[in-house]
Amino acid sequence: MPVESGSSASSRQAKQKRKSHSLSIRRTNSTEQERTGLQREMLEGQDSKLPLSLRSNLLDLFGQIEREFENLYIENIELRREIETLNDRLTAEGQTIDGGDLTKGALKAKASHSTSQLSQKLKTTYKASTSKIVSSFKATTSRAVCQLVKEYVGHRDGIWDLSVTRIQPMVLGTASADHSAMLWSIETGKCLLKYLGHAGSVNSIKFHPTEQMALTASGDQTAHIWRYTVQLPTPQPVADITQTPCDDDIDFSDKDEADGDGDGPNECPSIRVSSTTLRSHQGVVIAADWLVGGKQVVTASWDRAANLYDVETSELVHSLTGHDQELTHCCTHPTQRLVVTSSRDTTFRLWDFRDPSIHSVNVFQGHTDTVTSAVFTVGDNVVSGSDDRTVKVWDLKNMRSPIATIRTDSAVNRISVSVNQRIIALPHDNRQVRLFDMSGVRLARLPRSNRQGHRRMVCCSAWCEDNSSCNLFSCGFDRQAIGWNINIPALLQEK
């Protein structure tokens, strides 16, 4: 009986509240009409460039919005009151139940709550301890040392590509959007020679395997072959730079330092005429490379074709067509007559010229966005990088699926692979350069702070195995190239 009387009382209260709710809405509507009339009279007396009809429509719309909010607010208050009434009724009903049972239920609920809190605390403690274990393990094994050795500054615009000569004297070459290519002394950072023969951005530079010749590709729809002669300056003592572990805890800075235009390298001789000019593309020539032996070169263009030329005669030998969109890169095998081309059509193609009578081609669709570069290794592998933020390692003997996939947090540009250590250097759009082994295990990240490293997109990387001071170079759109000394422990490479 007490329960029934309580429910009937609550129902009467609910009816009374609904009546008061309807009355309050009526009062609100009436007062709203009065308020709207007063506001209209006030608006008529104010100066405004809006027509009176437009102002009246706006006022009506805002009034409707305000009434909707008021109605929702009133309903919210009524719902809260009903919830409180239901809670009071449940409390009254609970008092009729045996106190012992109620105490048992309360104790049970309290125990369950305590158990869940304890379980959550254990999970949090376990995750924290596991993270500490992993971090300590990583700290003891990933002691790769990355030291910035030299900065090469002199270009007036971003640097797209760089390369190192394969013969003595060993120099660094850079290709820039300022329409020039430069040769640098690796030890001193001094410019030795500037090539000014192109009428457009210089997008690529590669050196002949046995002679002092350079191959450059340009936005002027040509590729140039030019000879150079340089004399290395006397090396000067290098200032002691503290070795920086390649670690994730470097304090990065987004501060973009001022880019001074500068006057370029002092007393740097220049060449303005090429030995050979290769013309046949109908678009930007984005990359070029020497085939093994140095008697032929291959070029990649935005006209969706790659061309094979004879160096001595400058004649077009083959036009490699098949890509659906612009090409982004081309690379040749160091010991075999193989060419790999990359494209914006998300594919890269392997061209085989080992048999003069048969020129086979294989298409590989391993990426979901532009393939920015694909390069050969000394063995039977191809490594491809893409704007889809992945790098994939392929086996030439079985190219159906990659043998390793590296996933990153930024688009990957022109990658390079160390010949001796088999380490992949990944230049990123986010100004980082990361190092991975051929199995996809990350080894290091080059330090970048407000004092050292790149300040803008890193476009390319290149290894130099025969130099003791700098064995890795990178360049970017901060108009500079950087020489690094990378020391990867043998134990880390074996892992």
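Cβ coordinates come from backbone N, Cα and C, glycine included.
Unlike curated records, TrEMBL annotations are generated automatically.
What you see is a predicted model, and the numbers here were worked out from it, not measured in a lab.
TrEMBL has this to say about the protein:
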- 1-13: compositional bias 'Polar residues' (COMPBIAS)
- 1-44: region 'Disordered' (REGION)
- 22-31: compositional bias 'Polar residues' (COMPBIAS)
- 32-44: compositional bias 'Basic and acidic residues' (COMPBIAS)
- 152-194: repeat 'WD' (REPEAT)
- 195-226: repeat 'WD' (REPEAT)
- 244-268: region 'Disordered' (REGION)
- 246-264: compositional bias 'Acidic residues' (COMPBIAS)
- 278-319: repeat 'WD' (REPEAT)
- 320-361: repeat 'WD' (REPEAT)
- 364-404: repeat 'WD' (REPEAT)
State the residues, same chain only, that lie 6 or more residues beyond the ends of the repeat 'WD' (152-194) and have a CB under 8 A from a CB inside it; answer 'none' if no residue qualifies.
200-212, 214, 216-218, 228, 230-233, 235-236, 238, 261-262, 264-265, 268-271, 287, 414, 456-457, 459-460, 462-464, 466-467, 469-470, 473-483
Over the repeat 'WD' (152-194), work out the mean pLDDT and round it to an integer.
96
Tally of helix, strand and coil residues over the repeat 'WD' (364-404) according to DSSP?
0 helix, 21 strand, 20 coil
Could you break down the residues of the repeat 'WD' (320-361) into DSSP helix, strand and coil, giving a count for each?
0 helix, 26 strand, 16 coil
Could you break down the residues of the repeat 'WD' (195-226) into DSSP helix, strand and coil, giving a count for each?
0 helix, 18 strand, 14 coil
